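Asker: Below you will find the structure I want to go over with you.
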């Protein structure tokens, strides 16, 4: 009688990231038909008992693909679920259980530890690309918000970390303050930059005195101005012959409707930055006006060595 062909061992496909039974005799993955597979050692418990893992245990391992997870990113109160980083290579997903079924992690700690040991022994140091996974907490009471609802509320700024006692204890990405203080979405960073730039709108020289603004002379535009292509520095419109414009002490000309609103907010010429008093606001801020930095002359004049000797009679 011919001997039966040996049963293929347990293999792990690195392309599919799942445990498979290879297709013989080529030893390829039956799902992706790739040869990038690796034979897995027998389980310790199976070696001690002298039997292969049962079908029910294998089915249970396939139904619990999220045993091997790292420390949670951050935790929420009991019943809210928690985030964790898994070592799988697919996109973010939330595992669910069939109707009427429950995860037995809380009721059977021994079984959960066996699955964790089985997962560590099965994958070892082989850790494909990390992905963000989530596990639902069991035993959620009626009326407790779901994990999706909590995330949506955090994003919308409806609730703050003060209402969630255990929020913000993870190693990365911790919310330490109001969620509205963070940059959310694709336009969040642009909104923060715009807010920072708007803080500089009211900086600069103080408004000019109304008496000085009203005292600015009005001069007509001459042919020399028109021939040189002179234009208003504010609106960039060319001056017309005989048009009346306002002249600043720095001799720059402006339309009355262009320069008056500017001077009501900033006491400086838009071209040369000189104030109506002739001070250069770009190099000498108004707050430092009248402060003298010439200390060398005063120190030299007060030095005893520089005193003229008294003439002897």
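Even glycines carry a Cβ here, placed using N, Cα and C.
According to Swiss-Prot:
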type: BINDING; residues: 13, 16, 29, 32; note: Zn(2+) binding site
type: COMPBIAS; residues: 47-64; note: compositional bias 'Polar residues'
type: COMPBIAS; residues: 104-117; note: compositional bias 'Basic and acidic residues'
type: COMPBIAS; residues: 118-128; note: compositional bias 'Basic residues'
type: COMPBIAS; residues: 292-313; note: compositional bias 'Low complexity'
type: MOD_RES; residues: 2; note: N-acetylalanine
type: MOD_RES; residues: 5; note: phosphoserine
type: REGION; residues: 5-101; note: region 'Required for interaction with BAG6'
type: REGION; residues: 42-64; note: region 'Disordered'
type: REGION; residues: 96-128; note: region 'Disordered'
type: REGION; residues: 203-306; note: region 'Sufficient for interaction with AICDA'
type: REGION; residues: 280-313; note: region 'Disordered'
type: ZN_FING; residues: 13-32; note: zinc finger
type: ZN_FING; residues: 232-273; note: zinc finger
Asker: Note the Cβ centroid of 13, 16, 29, 32, the recorded Zn(2+) site, then list each other residue of that chain whose Cβ lies within 8 Å of it, in sequence.
Answerer: 14, 15, 18, 20, 30, 31, 33, 34, 36, 37
Asker: Would you report the average pLDDT that the model assigns to the region 'Required for interaction with BAG6' (5-101)?
Answerer: 61
Asker: Under a criterion of Cβ-Cβ distance under 8 Å and sequence separation of at least 6, what residues of the same chain contact residue 16 (Zn(2+) binding site)?
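Answerer: When sequence neighbours closer than 6 are ignored, residue 16 (Zn(2+) binding site) has 29, 31, 32, 34 within Cβ distance under 8 Å.
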Asker: Neighbour count, 10 Å Cβ-Cβ cut-off, for residue 32 (Zn(2+) binding site): what number do you get?
Answerer: 15
Asker: For the zinc finger (232-273), what are the DSSP-based totals of helix, strand and coil residues?
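Answerer: Per DSSP, the residues of the zinc finger (232-273) fall into 8 helix, 7 strand, 27 coil.
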Asker: According to DSSP, does residue 13 (Zn(2+) binding site) sit in a helix, a strand, or coil?
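Answerer: The residue in question, residue 13 (Zn(2+) binding site), is strand (DSSP, three-state).
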